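Enquirer: Sharing a structure with you now.
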Amino acid sequence: MKEEVKGIPVRVALRCRPLVPKEISEGCQMCLSFVPGEPQVVVGTDKSFTYDFVFDPSTEQEEVFNTAVAPLIKGVFKGYNATVLAYGQTGSGKTYSMGGAYTAEQENEPTVGVIPRVIQLLFKEIDKKSDFEFTLKVSYLEIYNEEILDLLCPSREKAQINIREDPKEGIKIVGLTEKTVLVALDTVSCLEQGNNSRTVASTAMNSQSSRSHAIFTISLEQRKKSDKNSSFRSKLHLVDLAGSERQKKTKAEGDRLKEGININRGLLCLGNVISALGDDKKGGFVPYRDSKLTRLLQDSLGGNSHTLMIACVSPADSNLEETLNTLRYADRARKIKNKPIVNIDPQTAELNHLKQQVQQLQVLLLQAHGGTLPGSITVEPSENLQSLMEKNQSLVEENEKLSRGLSEAAGQTAQMLERIILTEQANEKMNAKLEELRQHAACKLDLQKLVETLEDQELKENVEIICNLQQLITQLSDETVACMAAAIDTAVEQEAQVETSPETSRSSDAFTTQHALRQAQMSKELVELNKALALKEALARKMTQNDSQLQPIQYQYQDNIKELELEVINLQKEKEELVLELQTAKKDANQAKLSERRRKRLQELEGQIADLKKKLNEQSKLLKLKESTERTVSKLNQEIRMMKNQRVQLMRQMKEDAEKFRQWKQKKDKEVIQLKERDRKRQYELLKLERNFQKQSNVLRRKTEEAAAANKRLKDALQKQREVADKRKETQSRGMEGTAARVKNWLGNEIEVMVSTEEAKRHLNDLLEDRKILAQDVAQLKEKKESGENPPPKLRRRTFSLTEVRGQVSESEDSITKQIESLETEMEFRSAQIADLQQKLLDAESEDRPKQRWENIATILEAKCALKYLIGELVSSKIQVSKLESSLKQSKTSCADMQKMLFEERNHFAEIETELQAELVRMEQQHQEKVLYLLSQLQQSQMAEKQLEESVSEKEQQLLSTLKCQDEELEKMREVCEQNQQLLRENEIIKQKLTLLQVASRQKHLPKDTLLSPDSSFEYVPPKPKPSRVKEKFLEQSMDIEDLKYCSEHSVNEHEDGDGDDDEGDDEEWKPTKLVKVSRKNIQGCSCKGWCGNKQCGCRKQKSDCGVDCCCDPTKCRNRQQGKDSLGTVERTQDSEGSFKLEDPTEVTPGLSFFNPVCATPNSKILKEMCDVEQVLSKKTPPAPSPFDLPELKHVATEYQENKAPGKKKKRALASNTSFFSGCSPIEEEAH
């Protein structure tokens, strides 16, 4: 009852969940550590919190329930209300701990939460209490967006639920569905129905996040079957709160954001209630009505309930701030004091109250009339009452005397009993020592005999030392007995002193009487205990004596038993022999007399065996009796020890009671003395006041005379007061400057600390995001390593050997391992930085800092100075913000202008790029025509092979003319290369301008790899725009077979031997030159693209045949001499084989790369055929004399090759870049 009046604190259990896979993938670390064997948790390195229960991540659900929740259920059956409350941030495991997502399929799983286990335990206890009748009702509600919804009602729209407050029953919910349940299965089905109706949604932090507060209530009413009027009512509230959340982490939008705002609002009101109840200094208003959640939990927090708060936290360091807030709220909740009472039925309580009132009135009536008077007495009531009062007074006085005597007798009895006990203990010790000394004396005699026999000097010395020690022991035992006797005498003297103290007043008589009765009762118990102890000890003594006397008999019986057993064995053997002899004698008729004797002997032996067995059984019974006696003796000794301990405790209790009574008596005596002294002082003060009154009456006359003088002095004092006030104002104005400086410095420091704290939080969030990205990269690399995939290298299309592929795979695995190690090292470094920052924030943000912050402002003057300084800082910050905003607007406008310019330049770049692409297409077409021309010349050389056989001189002239044509073509190709180089320089200039524009706009509108990569397929930068474009023609050059073969083989080798790393070098090495543009008038021959059949052909217009300098196709041209003869044949072959078709450069064929250009470079097969033809021609050339000297011809050819060698590099580059979009490398294909 005393605890209920004082209040019972709210019990807090801390539960920490393990790290979830998402936190592990983000690289989060544990920020909580647990003290083994203690309910204590440490945040960081030195900030610790202590609670009633602490459960680490490895704790199972069953242990949490049995340790923290199960004790509350016992109080529910005693009539007390109980509440289990789960509190914490979102995703911390509240619904898991409470079992808010329970279904019937999880019945026997170890992950079942608190609510299903509570239901099972309730019905188990109900089954045990067979003498009570129980009625159970359940209700289930949720608070969603500050609206109460009934989860057990099938149609939520119809239910209108309101909260009402009853002065007798407390908070009531009107309109809430309550279902009566009889078995546990019905209750579980109600729970499952409510869980299915509960509002749940997914957020970025939790896939199954509770969006409402849920309260499952079980109402229990119990009545005794024997007494229907006595009944108890209790309620058990099981609360699963929604978790506090941050929009930054949950990324909630729309309805989820609105739900999160309402959840945080309700939890804020709950936190305010916890803070108000947990602060002992405030003791003021508690804001229960701020939200519906706190209104419903009014009895659970600071009211009529046993409450347990399960604080659920996350151990991840990314949630440190939310975890710390939860720990602080839980620590405050431990300071809340509840006042639970037994909830009795109002009718039963009223009935019991009336019964007590009737009893009190009956007692008062008896006291007034002196008991029930018979009707025959005719004496007046007043005289009878007077005599009864006198008699009562005399009886009271006699009772007081008897109580004093009883207390004195009890004290003396206690003292005597204490002496007896001490003497008994001393006697027992002495007997034990006597026994030891006897044993020592026997040992001493043995040792002396041994010494005499062995004559060893060392043993004699040891024996002397033992004798000295025995004497010392006896002396010490005598001293201890003397000390005990002295202690007993001092105790007796103290009691005598106490008894000789002055008598107390009548007000202490009741306490004295109670003390005397207690002492008498304990003395009586002690006497009875001593009697029982004496009987037990006597019985034990007798039984031990009997045992000692029975011991030799026991030995004798054991010997007799052995002898009897031997005799029985011998007689048994003899009996068996006789039986055998009788069986043999039956066969022989002559031995009848002998068998008769043997039969009699057999009967005698059987009688002896029976007698011996009887004796054996009797002696074994005696031995068993001896063993039972020993057991009884040991049991008696144990009971004697227990009774002695009980006697000691009773004596100690009597002594403590006597000591308390003595202290109380001394205190009362001291109070009486103080009261007497106070009365004397009051009398003296009364006399003193009388004298003072006389003096004051004499002084009064004098004061009236001095009134005028006092009036004058008052005016002077007022004048002085005004002067002092003026001086005070001046000092205050002077002191205000010092106060302002002090307040300014203090506020500056506080603002700086708060700003640095916020910056540290921002850096902490950045570090957490960095670690999250690093963890994702590590996870991706590990997945690639486990699956055997390689990172996609940028390689050209080529054929790899098996060893190269294996080498690349091993190199890629090593690189992945190194990347993983470097990333893990970086993650460890980030984790160390995060832990350091979090520890600094914990040190900076102490719980008392907000309270201590305003303690420095104690006066209105300091508050004014602080307000003035803050207003000044606010104005200056506003001005600075406006300046920054104006500069930001200017930078935005300049950025917009830059973007506009960049957009225009990009459009211009696109136009120039399209023009260059068209120009390149034209150049490619011309190049293809030249290749076809060379192939036609090769065909012509094959046709002329027969003519070479006829005349060597004609063949030599034709070869020289071919060489000349090839030289001219080579010169033209060089001019084309120079033009290409010029275009590339212009490209580089425009590219630099574009880069400058991007830097000026501070935005990378084009990706860096698209603009600057040497491997890009779109590396064309347009030249400066010109006002007018003039169509130009490029010079044509011829190229001999050897040059084409060399260039083609070199390009093929480069494609086969080069990889992705050598692309940049190749692209940088080749720098095409700008083609030289010549006017139309310098071009010789026609520029037809068709058959040269009409007068649009320049050569036909001038009435001349097309020649080598013409751009027309020799196989199609009708204006050539050789083409006129075989026109029909050429036309047929042109349409089928030799015609040139310009392919669409944007057409993509499956399996080929994007922008696969027309293959203009001859492949190795064609070049090989060319070489074979040339070798045949050279072999078939006869060594006949001719107008041209062949050695000279060879000399000219070698000189030509030597002159041509410096230009091979450019030719090779030109041959490798003759594809579509010449001047840029082809698109690289990823290795799959």
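Just so you know, glycine gets a Cβ as well, placed from its N, Cα and C.
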Enquirer: Can you tell which of Ser1017, Ser1038, Ser1164 Swiss-Prot marks as phosphoserine?
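Expert: Cross-referencing Ser1017, Ser1038, Ser1164 with Swiss-Prot, phosphoserine lands on Ser1017.
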Enquirer: Scan Thr83, Thr180, Thr187, Thr995 for the residue that Swiss-Prot records as phosphothreonine.
Expert: Thr995
Enquirer: If I look at Swiss-Prot, which residue among Ser314, Ser1013 would I find recorded as phosphoserine?
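Expert: My reading of Swiss-Prot gives Ser1013.
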Enquirer: If you check Swiss-Prot for phosphoserine, which of Ser936, Ser1001, Ser1219 comes up?
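Expert: Going through Ser936, Ser1001, Ser1219 one by one, Swiss-Prot annotates Ser1001 as phosphoserine.
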Enquirer: Can you check which residue among the modified residues Ser394, Ser815, Ser1001 has the largest number of Cβ atoms within 10 Å of its own?
Expert: Ser1001
Enquirer: Give me the Cα-Cα distance between Ser815 (phosphoserine) and Ser1001 (phosphoserine), rounded to a whole Å.
Expert: 37
Enquirer: Quick one: pull the CA-CA distance for Ser394 (phosphoserine) versus Ser1001 (phosphoserine), whole Å only.
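Expert: Between the Cα atoms of Ser394 (phosphoserine) and Ser1001 (phosphoserine), the distance comes to 116 Å.
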